[in-house]
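Asks: Okay, handing you the structure first.
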Amino acid sequence: MPPLPVEVALRAALQAGAAVHGTTSPNPPVGAAILSADGQLVGVGGTQPAGGPHAEVMALRAAGDQARGGMAVVTLEPCNHTGRTGPCSQALVEAGVAYVRYLHSDPNAAASGGADYLRAHGVDVQQLPDEAPDLAPWLAAVRMSRPHVTLKFAQTLDGFTAAEDGSSQWITGEEARRHVHADRRRRDAIIIGTGTAVADNPSLTARLDDGLTHQPRRVIIGTRDLQRPGFEQYPGITQALAALWETGARDILVEGGASLASSFLEAGVVDAVQAYLAPTLLGDGRGVLARAVGPTLADAIAFDLDNVIRLGDDVLLEMTRRD
Ligand code: AOF
Ligand code: ZN
């Protein structure tokens with residue numbers, strides 16, 4: 001038999017996972033691809049909204065009989081439990097799949113064990129090097145038992161998010177704003193403080209004219225009672241994170257303002273940062289944070305730089321917390 005094109009199937013599986021990102025919580029956005037015994041890509045699928053079929057089942061349905069003797073490439077270890085759906089491990093065995101390759105181990109104790117089950121049923125199982133960041137927020141959230149938090153802000157070169165008069169609407173250009181909207185759609189919730197809710201009255205919707213409808217939950221944190229229809233409100237960070245976790249949110253975005261951003265950092269719950277940098281200078285204005293994190297440079301909160309993305313004339317820096 002010729003070597004199976006695992007790379008081709010992995011790329012298809014990652015794409016299928018990316019396509020359902022933002023629609024699956026509390027489940028992860030998994031992708032799966034099936035190669036027939038002679039190496040053809042015969043089925044691709046992504047996790048359906050919670051309660052619906054998992055990625056493997058979608059891909060097996062597309063592959064039909066051609067899965068027999070073939071290979072399944074999945075971005076997460078196939079589940080081994082009956083939750084809202086049946087075990088994917090069993091579905092793969094029943095379909096006659098001979099090889100399984102998966103990226104990430106499932107940290108959810110209730111669902112893990114699929115690799116062992118498959119091996120016990122004669123399937124050749126291997127974990128692939130799991131460097132891909134596709135499921136990073138979900139994996140981190142499950143390990144921490146709270147939503148993964150990304151802090152997002154846009155700033156001038158000299159670190160201001162708004163001018164002295166508070167005007168902040170158009171710090172970055174069109175491409176960066178489009179990127180923000182695409183990114184919001186992948187999140188489960190977008191969070192702002194009461195100050196920002198009052199000052200900017202933002203809609204926080206993911207505006208893109210591509211026909212897709214997923215909108216993240218819109219959350220305000222603060223004690224001032226705002227009664228905004230369409231927004232959930234919690235008095236503090238702890239309550240918000242607990243309630244969001246309980247109701248299925250795994251990947252959330254904090255959009256400011258400066259006071260809320262400071263509080264999230266002080267609470268030690270900022271896992272990732274997205275900093276949009278505009279090539280402009282203001283000289284003075286409102287900073288990203290509301291308070292100093294400490295008196296000296298040694299107190300600075302450090303991040304690891306993961307990505308530098310050019311968006312028109314702006315730059316997006318993506319970072320994760322340095323442990
Ligand atoms: C997979 N393939 O596509 C996904 C998996 O309640 P259930 O039955 O939907 O199971 C949810 C758990 O299954 C979830 O917490 C995670 O551990 C795993 N997700 N597993 O084999 C998939 N989305
Ligand atoms: Zn499953």
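Quick reminder: no glycine exception, Cβ is built from N, Cα and C everywhere.
Unlike curated entries, TrEMBL annotations are predicted automatically.
Feature annotation from TrEMBL assigns active site, proton donor to Glu56. Among the features that TrEMBL reports, Zn(2+) binding site is placed at His54, Cys79, Cys88. Feature annotation from TrEMBL assigns NADP(+) binding site to Ala154, Trp170, Thr196, Asp200, Thr223, Gly257, Ala258, Ser259, Leu260, Ala261, Ser262, Ser263. Sequence annotations record features per position, and here TrEMBL assigns substrate binding site to Ser168, Arg184, Leu204, Arg207, Glu255. Residues or ranges marked as domain 'CMP/dCMP-type deaminase' in TrEMBL: 4-126.
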Asks: For Ser262 (NADP(+) binding site), identify the closest of the recorded positions His54, Glu56, Cys79, Arg184, judging by Cα separation.
Replies: Arg184
Asks: Going by C-alpha positions, which of the binding-site residues (His54, Cys79, Arg184, Leu204, Glu255) is nearest Thr196 (NADP(+) binding site)?
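Replies: That would be Glu255, the closest of His54, Cys79, Arg184, Leu204, Glu255 to Thr196 (NADP(+) binding site).
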Asks: Going through the binding-site residues His54, Cys79, Cys88, Leu204, Leu260, Ser262 in sequence order, which have a CB under 6 Å from an atom of ligand 2?
Replies: His54, Cys79, Cys88
Asks: Using the CB centroid of His54, Cys79, Cys88 as the Zn(2+) site centre, which other residues of the same chain sit with their CB within 8 A?
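Replies: Checked against the 8 Å cutoff, the neighbours are Val30, Ala55, Glu56, Val57, Pro78, Thr85, Gly86, Pro87, Ser89, Ala91, Ala111, Gly114.
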Asks: Provide, as an integer number of angstrom, the distance between the C-alpha atoms of Ala258 (NADP(+) binding site) and Leu204 (substrate binding site).
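Replies: Answer for this pair: 17 Å between alpha carbons.
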Asks: Which residues, sitting 6 or more apart from His54 (Zn(2+) binding site) on the same chain, put a CB under 8 Å from its CB?
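Replies: Expected: Asn27, Val30, Ala32, Thr47, Gln48, Pro78, Cys79, Thr85, Cys88.
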Asks: For Ala154 (NADP(+) binding site), which of the three DSSP-derived states applies: helix, strand, or coil?
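Replies: Reduced to three states, the DSSP call for Ala154 (NADP(+) binding site) is strand.
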Asks: Say we define neighbours as other CB atoms within 10 Å of the CB. Which of the binding-site residues Cys79, Ala154, Ala258, Leu260 has the fewest?
Replies: Ala258
Asks: Please work out which residue of Thr196, Thr223, Ser262 has the most C-beta neighbours within 10 angstroms of its C-beta, and give that one of the binding-site residues.
Replies: Thr196
Asks: Looking only at the domain 'CMP/dCMP-type deaminase' (4-126), what is the mean pLDDT?
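Replies: The predicted confidence over the domain 'CMP/dCMP-type deaminase' (4-126), as a mean pLDDT, is 96.
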